[in-house]
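Chemist: Feature annotation from TrEMBL assigns domain 'Wntless GOLD' to 48-226. Summarising the annotation, TrEMBL assigns domain 'Wntless-like transmembrane' to 227-496. Taken from TrEMBL, the feature transmembrane segment applies to 233-253, 265-284, 296-318, 339-359, 379-407, 428-452, 472-493.
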Amino acid sequence: MAGAIIENMSTKKLCIVGGILLLFQVIAFLVGGLIAPSPTTAVPYMSVKCIDVRKNHHKTKWLMPWGPNHCEKLKDFDEAVSRQIEANDIVFAVHIPLPSKEMSPWFQFMLFIMQLDIAFKMDNDLKENAEITLDVSLAYRDDMFDDWKEIAHAIEIRKLKCTFGSPKTLESEGRHYDCDFLPFMEIGSVAHKYYLINIRLPVNERKGINVGIGEIKDIRLVGIHQNGGFTKVWFAMKTFLTPSILIIMVWYWRRITLMTRAPVLLEKVIFALGISMTFINIPVEWFSIGFDWTWMLLFGDIRQGIFYAMLLSFWIIFCGEHMMDQNERNRLSGYWKQVGPIAVGSFCLFIFDMCERGVQLKNPFYSIWTTEVGTELAMAFIIVAGICLCLYFLFLCFMVFQVFRNISGKQSSLPAMSKARRLHYEGLIFRFKFLMLITLACAAMTVIFFIVSQVTEGHWKWGDITIQVNSAFFTGIYGMWNLYVFALMFLYAPSHKNYGEDQSNGDLGVNSGEELQLTTTITHVDGPTEVYKLARKEAQE
């Protein structure tokens, strides 16, 4: 009777906790959907053609497209030809942001892509596999009357991928090619108010530089940055969730250290998962408002990589601890086949990120995709990581199948037990299935909301209410995985309750001083748990 009361109370607590977590999950989605604006904004920029007739172009003063000290402008290249101005004396200038606006540290990053307007001309056709050489410089200032200070200067090569939809005849002259966007620049912080980009297209016929690239009419840039309003909501969520996870971590580990035994593998992995989640949550981004930390994008990628690697490892160990025999349980070395692909895949993605964003710390114009060697190297890392991910999911699906098959077999032994013991085991099995279903639901919601955010226009409008789908995706999924980790530590923390002599008379088959656990994998100081004994007995039969 006491066992039934205990299990009923435990089930009620589980339902209450589940309801509270579901409520917080809904709030997380609503915060992004109703309060935060869209995560990013795209701003188009048209470059202004400036004349610079001095030598040593990259050492000259900066050319402004507008303002009191603007450059001498060209309307088009026909004017340049009539005035006998050479291509090497033309500079494409772009001021960021647009007139009468300022950039802000709340924008967090800037990503730029380039589009070239290339016209067809019979005597200056675009060659196949043509490459364009860009002499680019970036500068900043925080006052409209200050001098520009250089951030970076580089000479970059981009491959042109263009198509022409009409026959290449005299009648088609002047029509534009349809060219793919080119990666141009990425900066991991927006610490200054104004930025200036000067782009030159140096021509050297003897060396074949910028020869056979067609007649370039204009250079357009599209700048993408994070919205300041979304950044504030994001920082607020991080600031709120950090102490929440820290408190449950301290409580969880304290419950473990009070035990008379050493922590088992599953408990250590759950605690490590909490640490990795806290690592993501700590709002170090607040410092980026006052400091020019261009490495924040790379740091964010590393934090996410650590968390996802830990999450994937947890799933494997969680399933394995419910399946393996006594000799293989509670040892990390027993999972090297399953955890190995996670480590290899994570390492490949880390190297890829270092080759891209790591180099961009020194040269924001760099892109690993602009050269054949870089593209092949990047694809190799991504393919290896993809293969490792596929192997991991094969291992995981196989282990989940085995666990559920074993549980189904064990359930056939439950009717022969006393009522109290049967309810105890049914509760343990229910909790395992409950966590597995929650895990599948979290993974499914992540995939579904990602797909929805990609195929929708970014927001839904219901009457006077506008829901930002992309913002809801970010805040909702971020909150969901925090709640997942919170639930893990709450449900799988050891219990120190002693339920009295009614349970020591054999109804549950445990000693009066032995703790009841929510997990089936805890090994007591006196030996394996009753569920583990049940599993061994079933296997022997």
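Cβ atoms are placed via backbone N, Cα and C, with glycine included.
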Chemist: Let me spell it out: take the transmembrane segment (472-493), skip the flanking residues so only those 6+ beyond its ends count, and list any with a Cβ under 8 Å from a Cβ in it.
Modeler: 14, 17, 21, 24-25, 27-33, 36, 39, 230, 233-234, 237, 241, 244-245, 248-249, 251-252, 255-256, 266-267, 270-271, 273-274, 277, 281, 307, 311, 431, 435, 438-439, 442, 445-446, 449-450, 452-453, 518-519
Chemist: So what's near the transmembrane segment (233-253) in sequence-distant terms, Cβ-Cβ under 8 Å and 6+ beyond its ends?
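Modeler: Contacts with the transmembrane segment (233-253): 28, 31-32, 35-36, 270-271, 274-275, 277-278, 281-283, 285-286, 471, 474-475, 478-479, 482, 485-486, 489-490, 493.
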Chemist: May I ask for the residues of the chain that lie six or more residues beyond the transmembrane segment (339-359) and have a Cβ under 8 Å from a Cβ within it?
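Modeler: That would be 186, 188, 297-298, 301-302, 305, 308-309, 312-313, 316-317, 332, 366-368, 374, 377-378, 381-382, 384-386, 388-389, 391-392, 395.
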Chemist: In the predicted model, what is the mean pLDDT computed over the domain 'Wntless GOLD' (48-226)?
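Modeler: Within the domain 'Wntless GOLD' (48-226), the model's average pLDDT equals 88.
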